[in-house]
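Copied over from TrEMBL:
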{"type": "DOMAIN", "residues": "B:579-640", "note": "domain 'CBS'"}
{"type": "TRANSMEM", "residues": "B:12-32", "note": "transmembrane segment"}
{"type": "TRANSMEM", "residues": "B:52-78", "note": "transmembrane segment"}
{"type": "TRANSMEM", "residues": "B:122-145", "note": "transmembrane segment"}
{"type": "TRANSMEM", "residues": "B:157-176", "note": "transmembrane segment"}
{"type": "TRANSMEM", "residues": "B:209-229", "note": "transmembrane segment"}
{"type": "TRANSMEM", "residues": "B:249-269", "note": "transmembrane segment"}
{"type": "TRANSMEM", "residues": "B:327-349", "note": "transmembrane segment"}
{"type": "TRANSMEM", "residues": "B:355-377", "note": "transmembrane segment"}
{"type": "TRANSMEM", "residues": "B:384-409", "note": "transmembrane segment"}
{"type": "TRANSMEM", "residues": "B:415-432", "note": "transmembrane segment"}
{"type": "TRANSMEM", "residues": "B:662-684", "note": "transmembrane segment"}
Protein chains: 2
Amino acid sequence: MLKDKYFKAFAAYASCNMVLAIAASALCAYIAPAAAGSGIPEVKAYLNGVDAYSILAPSTLFVKIFGSIFGVAGGFVVGKEGPMVHTGACIASLLGQGGSRKYRLTWRWLRYFKNDRDRRDLITCGAAAGVAAAFRAPVGGVLFALEEAASWWRSALLWRTFFTTAVVAVVLRGFIEFCQSGKCGLFGKGGLIMFDVNSSRATYDTPDLLAVILLGVLGGIFGSLYNYFVDKVLRTYSIINEKGPVFKVMLVMAMSLLTSCCSYGLPWLSRCLPCPIVEDQCPTEGRSGNYKNFQCPPGHYNDLASLFLNTNDDAIRNLLSPGTKEFHISTLLVFFAAIFCLGIITYGIAIPSGLFIPVILAGASYGRLVGTFLGSLSNLDAGLFALLGAASFLGGTMRMTVSLCVILLELTNDLLMLPLVMLVLLISKTVADSFNKGVYDQIVKMKGLPYLEAHAEPYMRHLVASQVVSGPLVSFSGVEKVGNILHSLKLTRHNGFPVIDEPPFSDSPELCGLVLRSHLLVLLKGKKFTKLKVLTGLDIMRRFKAQDFAKAGSGKGIKLEDLDITEEEMDMYVDLHPITNTSPYTVVETTSLAKAAVLFRELGLRHMCVVPKTAGRPPIVGILTRHDFMPEHILGTLPRYTLPQVGLLACKHEFNFLPPLYYNEVIIIDICSLIFTIFGFSIFG
Amino acid sequence: MLKDKYFKAFAAYASCNMVLAIAASALCAYIAPAAAGSGIPEVKAYLNGVDAYSILAPSTLFVKIFGSIFGVAGGFVVGKEGPMVHTGACIASLLGQGGSRKYRLTWRWLRYFKNDRDRRDLITCGAAAGVAAAFRAPVGGVLFALEEAASWWRSALLWRTFFTTAVVAVVLRGFIEFCQSGKCGLFGKGGLIMFDVNSSRATYDTPDLLAVILLGVLGGIFGSLYNYFVDKVLRTYSIINEKGPVFKVMLVMAMSLLTSCCSYGLPWLSRCLPCPIVEDQCPTEGRSGNYKNFQCPPGHYNDLASLFLNTNDDAIRNLLSPGTKEFHISTLLVFFAAIFCLGIITYGIAIPSGLFIPVILAGASYGRLVGTFLGSLSNLDAGLFALLGAASFLGGTMRMTVSLCVILLELTNDLLMLPLVMLVLLISKTVADSFNKGVYDQIVKMKGLPYLEAHAEPYMRHLVASQVVSGPLVSFSGVEKVGNILHSLKLTRHNGFPVIDEPPFSDSPELCGLVLRSHLLVLLKGKKFTKLKVLTGLDIMRRFKAQDFAKAGSGKGIKLEDLDITEEEMDMYVDLHPITNTSPYTVVETTSLAKAAVLFRELGLRHMCVVPKTAGRPPIVGILTRHDFMPEHILGTLPRYTLPQVGLLACKHEFNFLPPLYYNEVIIIDICSLIFTIFGFSIFG
C-alpha cells in the first residue's frame, strides 16, 4: 500500500474481496438458494402463514451464517442484520420441529412445540433475538418482531419475545465483558451501545425543526426511490439468476469487482486533509479507526477512505461523530451517491445481504451532508444530523416507526433526541407511503408469496364468499372407502377436505367437519380399516397416540409414496370421525368477502368452510384458502364483470346502501386513516 | 415550623391537606363517581368493548383533572399517572363523539369518527398520550397502550399512537423549554428525563446478578401481596362507599388525617444527620430539594422528612440518587412500610388516585434498603438498587414487561442498566403471576365489568355454542309490523335482533341478518311506514343519510321514549332490509365454545349468530353476546352437571379424543406457556 505500489495494492484488495465473494455466492447458489437476500421478507411471510420450501431449513441456516460472514468481509455494501434475523428464525424453527433428524440433532422434550402456533411463536422470538443481537438492542428486537415480522400478536407472545431478548442481552453483555481485553478482535467494540453519541448534548430550537422536517421529506423521497429501484433491479436479477448457479456466481463476481473499484478508486477524488491537532491517533493504521491515511503524506488523512476502507460499523461511527470539519461536502456527496447506487444493485445477488447497513450508511451520509450545508443556520451538530438522516432514510425504506425509533435509541443512547427522531420517522414514512410500499412488502410481493394483508381490500365489500370459491370440491363421507381417499389424495393437492355425514349415520347429509391431509396420511399408514361401513371411533383411539398427529418438520411428514396399501385394503372402509375437526370455522355463502377475509386473517386460518344459506342443497359449497383471497385470484375468477358492475351486482344482492355503517361490528372502511393522513400532511407538509 | 410550634405546624399542615382532600372527594362523590380511582382499569375495559356508563363523560374528565390535582396536592400517597391516562382517554372520547352537545363544543368534521372502531382507536391514542405526558416517555406511552390498555391491535394503530405521542413529546418539550427560567413553578423540572441517573455508570459482575435476582423475587412477592391487599381493601371500601356520598367524603377525610399523621409524625423517629460537606444546598428550605431540615439544628437534615415532606417526584429522585450514606437503613424501612400500607389503604377512596407513584416509591425504598444492606457485597450503587427495586415492584403489581422497561428507561436515561431491568421485571412478573392476577385485571374483575380474556378457558373446549345461548330469542321478520318492533324493544334490553326472511320474500324461512337497536330506533323515528307488507328498500334510501345511523355519544342516541308512534302507525309495516347487516358472523350450534369465544374475541364482535346444524328448523338458534362467555354465566346455565361430567358429555358429542391437536387451526391449549414457565423458573429460581 505504501511506496506507490498502488496497482498491486488494488489487485490484492480486489482479489481478496473476489475470493470471499465467490465463497459466499457458491454457498448460496449450490447449497441453499433460499439463503440469498435479507431473509426478513421470508420470515415475515412465514409468520403470515406462508410455509415456503426450505426457507427455514438447516442448510439455509448454515449458508446464511457463513455466507453472511463472507459477504460482509468481502466488502459488499450489505448488512449482517437481516441475515441475523433469518438466522435467529432458522434456529428457532429447528428447535420448533424438535431438532433435525437428518443431522442427528433431536430432543424429545421439544416435541411439545410440534404445532403451528408454537412454532410460529418460537420463530417470532428467534427474529426478535436476531435484531437484539445485531443491534445490541433488546427492546428494539421485541418491537421489530411486533411491528414488522409478526402478523398475529398476543400479549403472551410479547413477554416471551421480551424474555428471549433479555437472555440475548445478558449473554451479549457477558461476551462483551469477556472480550474487553481485546481477546476477540473487534468483537464487542463500543460495548452494549454501538454508536454512543450521548456526549453531544441536543439543544434545538424551532428553526431546527424546519431542518428536521426537510430531512424527513428528503428521507421519504429517497426511501421510496430506493424501494422503486430495488424492485426494478430485483426483477432484472431474477431473470439472470434463473439461468443457473453459474450465472449467479458470475453476477456476484461482477458486483464484487465493481464494489472494489468504487471503494478503492473513489477515495482518489478526495483531497488529503491535515489531521486535527488534538487527535493523537491520526492517521490510523490499524483495522479500525477514524482517520485513514490512504495515499496521503504523514499527518494527513483521506476522509473518503475513512468511510470506504473501513468496517461498516466504523464508517457509521465516523459519520455520527460530532463536529463539521472532519468530512468535506464533496466527500459526503460522493459517498452518498456511491452507497445509494451500490446498495440498490447489490441487493438481490446470490449472497445473504441485509438492508439495514446500506440504508443507515446512505442516510447518515446525506444527513451529515445536509447538516454541513446548514452548518451555521442550525444549532444541531452534524453528527446529530447524520443520525436524523439515517432515521429518515430507514423510515422511508422500511416504514417502521416505533421499532426503528427504539433501535436507534438503543444504538446511540441519545434520549434527548427522541422527539426529533420520532418526528423524522413519521414524516419520512408518511411521505414515502404516498409513493409505494415498504421494501420488505415489495420483496414479498415480488417473490409471489401469498401474503395476507391485515385489512380487506375495498372491492371485497362488493363480493360474496361463494363468488370466489374455486375448483371442484372434494369431500369425504364420515366412513369412507380407503380407495376413494387414496384417489383423492393423489388427484388433488388440497390440504383440507370436508367430511360429510350421510345416512345411515345422520338423518340427512350434514357437514361433520374438516380433515387434514397430514392426518389422513397418518391414519392410512396406521391401517385400521374395516370390511364394513361402521363407526370405529374407540378402536382407533387405542391405536394412535396424540403425538402421532403432531405437525412434522417441513418436508418430514408422511408422504403419499410412503403408504403401502394393498388391492384388498382399497375396498375396505375407514372411520374419519376421530380425526375430523368438528368445529371448523364457517361462513354463509352470502357473507361479504371482506368479512370473510377479516375472519380468515384475524384467526389465522388455513381453511374456511363456505356453507349454503338455503336448505335442501349439499351441506357445503366450498372451501376458502389463502389463495382465494389473493387479488389475482379474485380478479381472475370474475372475468366477465368489470369491477363497478360487480359492485352494483353485489349491492343489489345485499341491500348494501350504507357502506361505512353496514359493517357495524368490524368496520372495514378506514375513514380514520384518511383523516390522519390529511391531518398529518397539513401539519408536516 | 421553627421555634417549637410543632403542634400548630401540624394543625396547619393537616388542615391544608384536609381541605384539599374534601375538595377532591366532594367533586368525586357528587359530580362524577366514575372519576374515582386510577381509571386505567376502566379504559382497559372500554377498549375491550365494555361501554360502562359515564366512564368517559365530560363531567368525569373535569373531575378527574381537578380531583387529581387536589388529591396529589393534599398529600395522599397517590399518583397522577393513572388519572392522566384516563384524562387522555376522556379527551379522545370527546373528540370521537364529535364534541359535547351539552357543553356546546362540537365540530362537524369529527362526525367521521362516529363509529365503534375509530372511537376505540382514538381512545387508545388518548391513553398513550396520557402515559407519554405523565412520564415524559413517548415510546413508553405507545407500548403501554399496546401491552396494557388495548385489547385489539393493528399496525395502523401502532403508528397512530406513535404519532400522538410524538406530538405530545414535541409539545412537552416546548413547554419545558418555555418554563426553564422558572416561570411555571416546579413544572418541567428535570427536563424530558425526569429522574436522570445516567451519571452513575453501571458496572456489574456475576455476583451482582444474584442480588438482582433476589430483588426480582422480593418484588414479585411484595407485588402479589400488594395486589391481594388492594383487592381486599377495595371490597371493604365498596361497602362503605355504597352507603352514599357523605360516607365517601368521610372516608376520604379519615384517610387524609391518617396520611398527615404518618408523614408528619414518622420523621420524628429518625435522627438528625449532619449535612455532607460537598453539598451547599443542605438543608433545603424551598419547596423542592434533597435535604429537609425539619426539626434538626442548622447544618443537619432529617432523612425521613426528606422523603415524606417532599413532592413525590423529589422523593423518587432522592431515592434514586447515588451513594449509600444519605439514608439510614431504619429510615428506609419505616418509609417502605408506611408507603406500602398507605398505598394499599388509599386506593379505593373517592378521589382520582394513580397506582404508579406509590408503587415506584415503595419499590425504590425497598430496593435502596436491599442495596444499603448489601452495600459492601455488590458493586452496584444504592441508587441503581432503588431503580431495580422500583422495577421489580412495578413488575410484581402491574405485570407489564416491555412497556415498563421502556418507561423506566425513558424516566432514568440509563441504557446500560437495561439488561438488569429486563431481568428483574421478568423475574418479578413470573413470581407474582404464580400467586394472582395483575392489579388492573383484579380491579376490572372486582368492578364486575364483563372483560373478555384473550384466550378461551380450558373448560370451554368441552362445551358447544348452543349450550350457553340464553334467554328467549326475539327475532323480526324482514318486513315487520311497527307495533311488534316497539313491543320487543320495550320488553327486552337486547341490542341486536336477528331478521328472518319468510315467504313470500323467500322460499323458506332463512336468516337475513342482524339489526341493531340503535338503527331500529332511527328507522322508527323516520316513520317511513307502509300499509302493506312490501319491500321499500329504495324509498328508505332517499329518506336517510348514512350519518343518521352514525354511533351517537354515550347516552345521546335516540331513546325509546323519544318515539311518538300513533295507534294507526302501530299496525303499519316497515322494511328492515336496508338497515340489516346481511353478513353477521355465525357459528354452527355444535361448534366448540372455545372456538366461538376465540372468534368473538379476535374479531371484536358484540353479537354472534348461532345457526342450526340440521335443516328443517328455525334458521337461527340464538345470539351469543359478551355476557354469554363470562364464566359466571356459563357455569350458571349448566347447574346439573359438575364440570368433569360436562367434559365427558361433550367429548362423546364431538369425538374429541385429541384435545391439543383437535384445534388444528388455532390451538387453544398453551403448552408453550407451560414450558416457558418451567424453563423460566429453572433459570431464575
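Numbers run from 1 along the shown chain.
The backbone N, Cα and C atoms fix where each Cβ goes, and this holds for glycine too.
Any TrEMBL annotation is an automated prediction that lacks curation.
Contact between the transmembrane segment (B:249-269) and the transmembrane segment (B:209-229) does not hold: fewer than three of their C-beta pairs are under 8 Å, each pair 6 or more apart in sequence. Note on the domain 'CBS' (B:579-640): mean pLDDT across this stretch is 85. The transmembrane segment (B:415-432) makes contact with the transmembrane segment (B:209-229): 3 or more of their CB pairs lie within 8 A, with pairs spaced 6 or more apart in sequence.
In summary, the transmembrane segment (B:209-229) does not lie against the transmembrane segment (B:12-32): fewer than three C-beta pairs, each 6 or more positions apart in sequence, are under 8 Å. Same-chain residues lying 6 or more positions outside the transmembrane segment (B:327-349) and placing a CB less than 8 Å from one of its CB atoms are 25, 36-38, 76-78, 222, 226, 229-230, 233-234, 237-238, 241, 248, 251-252, 255, 258-259, 262-263, 266, 269-271, 273, 303-304, 306-308, 318-319, 355, 358-359, 361-362, 365-366, 368-369, 372-373. According to DSSP, the domain 'CBS' (B:579-640) comprises 22 helix, 14 strand, 26 coil.
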